[in-house]
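What follows is a set of notes on a single structure, which appears directly below.
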Amino acid sequence: MTTIASTAPDRPRWRQISPPVVSALLALVVVAEVAWAALVLAGSDDLVPHAVPAVVVGDPVVAESVARQYDDLPGDPFDLRAVADEESARAALADGSARAALVVDLEGSTDRLLLASSNDDLLDAAVLDRVEEVERRIDRLVAVEVVGPADADERQGAARLAVALALLLGFVLAVGTSLRDGPVARDLRHGLRRTLVVGALSVVGGAVIGLLALRGGTWAEVLVPATVAGTGAAFTFALEALFGWAGLGLAVVAFFATGAPVLARVDPALVSPPWSDLAALGVPGAGVEAATAVSLHRELAVVPVTVVLVWLVASLLVITLARAVRRRHDVPAPVGGEGLRQVGGVRGWRVRVLGVVVPLTAAMLALAVVVPRSEVAAAPRLASLAASADCVRSGPVTSVADLNRIAGLRGTDDFRGGDVGADALLQDGRRAWLFGDTLREGPAGPRYVRNSMLVTDERCIRAVVPEAGGALVPDRARPGESPVGYWPMSTVVDHRTGYDLLYVTTQRVRTTGSDAFDFENLGLSVAVFVVPLGGTPQLLEQRDIGPDRAGREHPTWGAATTLVGSGDDRWLYVFGTANPGAEQAWGYSLRVARVRPDDLLHQARWRYWDGSGWSAREDDAREMIPARDGVSQTLSVFTQDERWYALSKRNDLLGSDITVWTADAPTGPWSSGTAVAPVAQGETGQVRYMPLAHPTLFPATGSVVASYSTNDTDSERVLADPLRYRPHFVRVRLPR
């Protein structure tokens with residue numbers, strides 16, 4: 001009697017499905033993730049946000065500057081970008097590209113924080129905590145508004161359930177197929193058939209899951225669960241193609257390992273790397289993200305869907321390559337526990353397969369999730385909240401004589417003396433004065449800070465001092481280098497409804513020795529202050545423009561600035577000075593660039609006068625006034641009666657007169673300069689330098705108020721008598 005052999009595969013033994021190595025690995029992963037989840041949930045009050053996508057709305061300059069401040073918070077809690085208006089912010093919250101939006105309203109004292117209703121409560125609390133921290137530093141409040149559907153939490157729960165069911169469906173389909181036909185298909189025909197069958201069942205099952213769990217009927221709500229189910233099955237088949245029955249155990253390990261944040265039900269934005277990255281790159285995490293986008297926004301999220309598809313393609317590639325390599329090297333299909341023990345020898349075929357698939361998968365995942373970001377060098381520190389000191393009564397100020405009387409007042413401990421004295425007229429009638437190295441009286445005695453500000457009105461002089469003390473524009477400190485400070489050069493006021501934007505161009509300087517003149521200029525930096533009507537100026541941003549470049553031969557841009565025009569047709573002219581060396585000239589040459597005022601911080605948008613037009617290349621900037629018998633390093637350029645004037649001191653420190661150059665346009669041609677007033681010679685050791693014009697101070701046709709700084713080469717004399725270190729004011733006639 002003939003016995004017909006059964007073609008059904010032998011049922012696997014437990015040791016084959018889960019060899020000791022797999023069992024130990026699975027136990028380790030499960031224990032680690034349970035412990036991790038317990039620690040996360042137990043310490044939920046201490047969770048911090050990580051790279052939460054958010055937008056900020058406001059004046060373009062303000063919005064961008066605020067975004068940079070939040071980006072500079074420790075731990076990178078936000079991935080922030082500026083948008084044009086509140087409608088755009090709400091659209092970003094609606095489509096899921098942002099989780100929070102800050103609407104900056106400088107006409108009042110309260111900003112609004114919009115939070116997506118789909119956010120986890122813990123995430124909202126963490127975001128609000130960080131926002132309030134920054135708002136306090138600039139003396140503002142924040143009001144919270146939740147935006148989005150009221151059932152967002154329920155929809156997110158449905159998305160998690162749909163993905164869990166889809167993964168379970170895919171795994172069950174793989175297990176059932178393997179129990180019926182074995183862990184590896186007998187031949188190509190059987191392999192194609194089981195792939196098609198499992199694919200069809202995944203689509204049907206995904207449709208059912210989409211209808212029941214996601215409660216929708218769109219093609220996307222069917223596609224996502226179906227793709228997740230199919231990927232789960234294909235991933236399991238791929239591991240079986242490499243390791244036989246042990247692939248089932250390894251599949252469970254992989255799903256557990258990549259699904260930690262999902263299983264813990266903690267928002268990935270509250271999970272620090274590497275768990276957050278692991279969640280985004282795994283099938284469970286990417287599947288939940290894709291299902292959430294479908295459930296909340298009724299659209300496919302490209303990145304998570306692409307991640308799932310990458311795993312699907314990689315799994316099918318493993319199955320195909322494994323079969324091809326086994327046939328080429330005449331290696332039997334893996335069945336039992338030997339799949340993990342014999343990786344070398346003839347079993348080295350696995351290494352060949354993984355050697356092709358792993359790099360390819362990594363590359364595809366990188367293309368799917370990596371988005372280029374612009375890098376910013378030397379991000380500024382978060383500015384401290386500034387406060388105004390007590391009022392120092394100035395008495396009526398109606399003339400140049402009154403200005404010099406005020407300059408002779410004792411002052412306060414916050415301002416004993418300083419140089420430069422560039423001014424800016426605010427729309428509320430007050431005036432801001434910016435000074436360079438400033439002498440203050442501290443608990444430990446006199447000390448200098450690199451810059452300071454006074455604000456004056458009809459009755460008072462007030463010093464503006466940061467909460468932490470020190471310079472108003474804080475020094476730049478980098479590991480391994482000397483601190484870099486900021487000396488003011490010129491000011492630009494841009495009046496907005498309810499507030500002013502005050503731009504202060506500064507030169508960044510580094511001390512190179514102990515002498516007062518031992519320093520090097522490294523280039524331009526711009527400080528941006530927000531000044532509410534009647535309020536205290538607050539440093540919004542300070543940004544270095546261009547790389548550090550020591551040497552006077554490089555133009556110091558921002559040595560003078562002039563804003564002209566109205567409405568949308570406004571240009572900010574930025575003047576630069578350079579000196580070729582004392583052996584060639586003592587003065588400085590003058591060049592000019594122009595930019596829209598809102599783009600001042602973006603040097604790539606500057607255009608430089610090349611003698612006949614405006615060039616995008618800084619090297620094309622042409623000298624308009626030569627260095628020989630040229631201007632000082634810092635000067636004033638202004639207009640009066642459609643005429644342009646450059647006021648300075650010829651040949652810088654060697655000059656003895658306030659000199660004015662004239663032109664019909666900012667691009668010249670400029671005159672050779674006319675001496676309009678002598679600079680009084682002081683006692684031995686006293687220096688008089690840096691004349692500046694103040695066109696808005698007691699304006700009169702045909703003349704302008706000017707000032708020059710006074711100092712002493714003997715610092716001990718300045719400490720004993722700080723009045724030796726104050727500006728002196730004069731009125732000068734303007735040449736025609």
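The backbone N, Cα and C atoms fix where each Cβ goes, glycine too.
Unlike curated entries, TrEMBL annotations are predicted automatically.
Per TrEMBL, the feature transmembrane segment maps to 21-42 (among others).
If one looks beyond the transmembrane segment (158-179) by at least 6 residues along the same chain, the residues whose Cβ comes under 8 Å of a Cβ in the stretch are 9, 11-12, 194, 197-198, 201-202, 205-206, 209-210, 213-215, 224-226, 228-237, 240, 245, 248, 251-252, 255, 262, 265, 283-284, 287-288, 291-292, 294-296. Annotation source TrEMBL lists transmembrane segment at 158-179 (among others).
Under the heading transmembrane segment, TrEMBL lists 191-213 (among others). Note on the transmembrane segment (191-213): residues 158-159, 161-162, 165-166, 169-170, 173-174, 177, 181, 185, 221-230, 233-234, 237, 316, 319, 323 of its chain, located 6 or more positions outside it, place their CB under 8 angstroms from a CB of the stretch.
The transmembrane segment annotation in TrEMBL covers 219-238 (among others). Panel annotation: around the transmembrane segment (219-238), residues 162-163, 165-171, 173-175, 177-178, 195, 198-199, 202-203, 205-207, 209-211, 213, 247-248, 251, 254-255, 283, 287, 290-291, 294-295, 298-300, 305, 308-309, 311-312, 314-316, 318-319, 322 of the same chain, lying at least six beyond its termini, place a Cβ under 8 Å from a Cβ of the stretch.
Here TrEMBL flags 245-264 (among others) as transmembrane segment.
Annotated transmembrane segment per TrEMBL: 301-322 (among others), in sequence order.
Positions annotated as transmembrane segment by TrEMBL: 351-371 (among others).
Confidence in the domain 'DUF4185' (562-701), given as mean pLDDT, stands at 94. Under the heading domain 'DUF4185', TrEMBL lists 562-701.
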Within the domain 'DUF4185' (562-701), residues counted as helix, strand or coil by DSSP: 12 helix, 64 strand, 64 coil
